[in-house]
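Feature annotations, courtesy of TrEMBL:
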REGION    85-106  region 'Disordered'
TRANSMEM  200-217  transmembrane segment
TRANSMEM  229-249  transmembrane segment
DOMAIN    267-361  domain 'P-type ATPase A'
TRANSMEM  383-402  transmembrane segment
TRANSMEM  816-834  transmembrane segment
DOMAIN    836-1004  domain 'Cation-transporting P-type ATPase C-terminal'
TRANSMEM  840-860  transmembrane segment
TRANSMEM  952-971  transmembrane segment
TRANSMEM  983-1002  transmembrane segment
């Protein structure tokens, strides 16, 4: 009850009568002893309730010392005493009519504790309110917006004056920045340290350290026996610290880069209204919640918000592009293509709709599929090596114990300490990333041939493993060059013999030249081809046109109509006129024309019959698969009517050839890659493109983006594989599609060009942008940038990517064979005799001279044409396949058997000294790896020499390895006193290495025979 007294006296006693009715008792009277005595049950429950409420408030103060307490915090407690029940017999203050009333707390009562941060409850409510406002805008919930009070209600909630903007003082800006920032806790260094320690490898290293420490002290005594165990302990500390620092730095850099990506991508000057005056901000990161932005044509919307006022405001990149009172929602990244206005900011930075999508895909630094597979193989290899090392030291420790207890001459003496297995594993672990990195960089350069840029080294290899490609209509499929096949002026088709009036040619040239003047809308392939045609056929001189006209401004049509209007100021003698030129789809422009030019330069009225002739001509061109383009203009003056354009001419454009694109699509299909068209365009247009590309499958699923979004999770996952075309798709639909495909186990490539496609590009396993029309932000987020935008070029990259992946498999097979064989040879020989035939220096040298040149020889093999016909690996594919394990086990078994035999029986069989025997074992081990390079060239085929003439670097690698090995044997003889090998002994080593070819063919033949027999038995059983 002490807490109750703390909160209810004496300040609460200052509360005078809480009026419910004239005869009601005040709060003090209700808490008086007499009342409690009269109603013991009521008093007891009231005390319990108030105690719990006070305890709740007290705990909240402890959890947040800045919290200020107001009467609202205890209003629920005090109101308990003011509730009237229908049971008038039980309570004195019950009302006669039996209603239940709650008296509001007196406004004079205050329990505020001074605090710098203000009322936390109000702050919490404000944050919730801001979140609700952001949700209304992101969901485009017009009904909730109206209930909120419309844009004025939102502005009031954000403390914004629609006429003057926000106050704009420093304190106000700091408060708004704090309200719009959401910081997520980043892992501390100690968390990264604990994560680094929580590893199987660290545990095995600690176990190895303990065994080495015990073995050393047991054998050499405490004075020097602790050295090796202590060195391993130091190595463990260094490994843990290095991994912790690396992980902590990566997390810090990732969050920093993520924040930059979500808030700093738009480098543009924005104008805001603050304190009644207009200010220019040099960065979009200076925009705060509640700002009034001034948007104009050509601006990129730098935040989410609502239209305050505007005139003919139209955005590109949104399904509902016209912004008005019934659709006031504006989103980050959209481009203003016409009109101007003011916008109320409701979300900024990573809190925008685009930012939320991006935040989903950059929550944590993700490894590429190839990196994850390589790391997994390296980890298991290292664990295997450590286990072998621990097993060796245990065996030696037991041998030493037995040797001390039973002084039997039959037990061989220990000849020095065992070779450290970690030397071999460390060499392999360090060599593999280096060689793969160099080879991937070389392969990427060969794949792109200067036509692109690779930001992620493994991107081409991942693209080669892709099972699905998601592409927009633009960015791959419709980027072919076009030709002008038909030109009609008036009622006449224009050809090389036609005579056209100079005024008509000038008007048409001005209309075509206007295409290259708009700095905000660079020319596409169609416009470039039309300009080139005008130069060659019409004699258009751009330098003369540039002197005679000035670009005033441009206004695009709806994005679906693919048209544009350009206002030019022309000089005619001593006068200047302004002409609005319009280029776009012929049917659209024809409806706005009231007259036309004939080839003689005469202006004629657009009568009904003539309009029908033009429409018939347009229909004929479309029936021939020609795209129609019309040019019209009008002079701007006070009496200009809306539909008063003069039709200059009609052009029919045709793609030069669909063959190349069809062949690329067919090649992707044969390669097991499914292409899906995902675009904001309507389904009918996408179906036409799919038919032209030869990629439409009648059994596939064609749907609307909204339909896909409304599916349940189960239905969506069941149908996602069957989707071939998704029309009217929003950026969130595309992102959801990529996520579903990845959940189904696909390796997904996304081809994009626009800013709103960046979340899907980032979420994909590999993101690709094509052509010069791709936005800067899309290129920054992509892994591969292709300059020319040719879809068929993807097939070339995929073939090189598959070659790179297969070459990595060859290299990994070779390295694993060498590591396993080396480990087993050392384990068997050391466990049996207490001495290893291969020293740590020899292991390190052999791993380096075979691993680096041999790896580069395998990893730089050129791609074969047949690779594109194989099925892709996908996410479920394994880097180490069953065929590779068969080859590894076969070769490792042979090497272990022959080398162990030489170690134990070589002296007797060959009649050589122990020193020569050791050199023979090491030399045979290295040469086995050299000849195994040939075996690794073909993972499944028996003919290992197929295509070897084209592999120049492979032959260079073999020659370099043999030369270095011969030099090492001689140098070791001079420096270390090892034995030199004569010609016969070198021949024996070469013969041992060459036998591995026979072993490889025999292993593959036996495997194929077993598989064939099993298949025959299965077919016979089912039959």
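Using the three backbone atoms N, Cα and C, a Cβ is placed for every residue, glycine included.
When averaged over the domain 'Cation-transporting P-type ATPase C-terminal' (836-1004), pLDDT in the model lands at 86.
Contact between the transmembrane segment (952-971) and the transmembrane segment (983-1002) is not supported, since fewer than 3 Cβ pairs fall under 8 Å when only residues 6 or more apart in sequence are counted. Same-chain residues lying 6+ beyond the ends of the transmembrane segment (840-860) with a Cβ under 8 Å from its Cβ atoms: 419-420, 423-424, 427-428, 431-432, 434-436, 438-439, 442-443, 804, 807-808, 810-811, 814-815, 818, 822, 922, 925-926, 929-930, 933, 936-937, 951, 953-958, 960-961, 964-965, 968, 972. When DSSP labels each residue, the domain 'P-type ATPase A' (267-361) comes out as 15 helix, 46 strand, 34 coil, counted as helix, strand and coil in that order.
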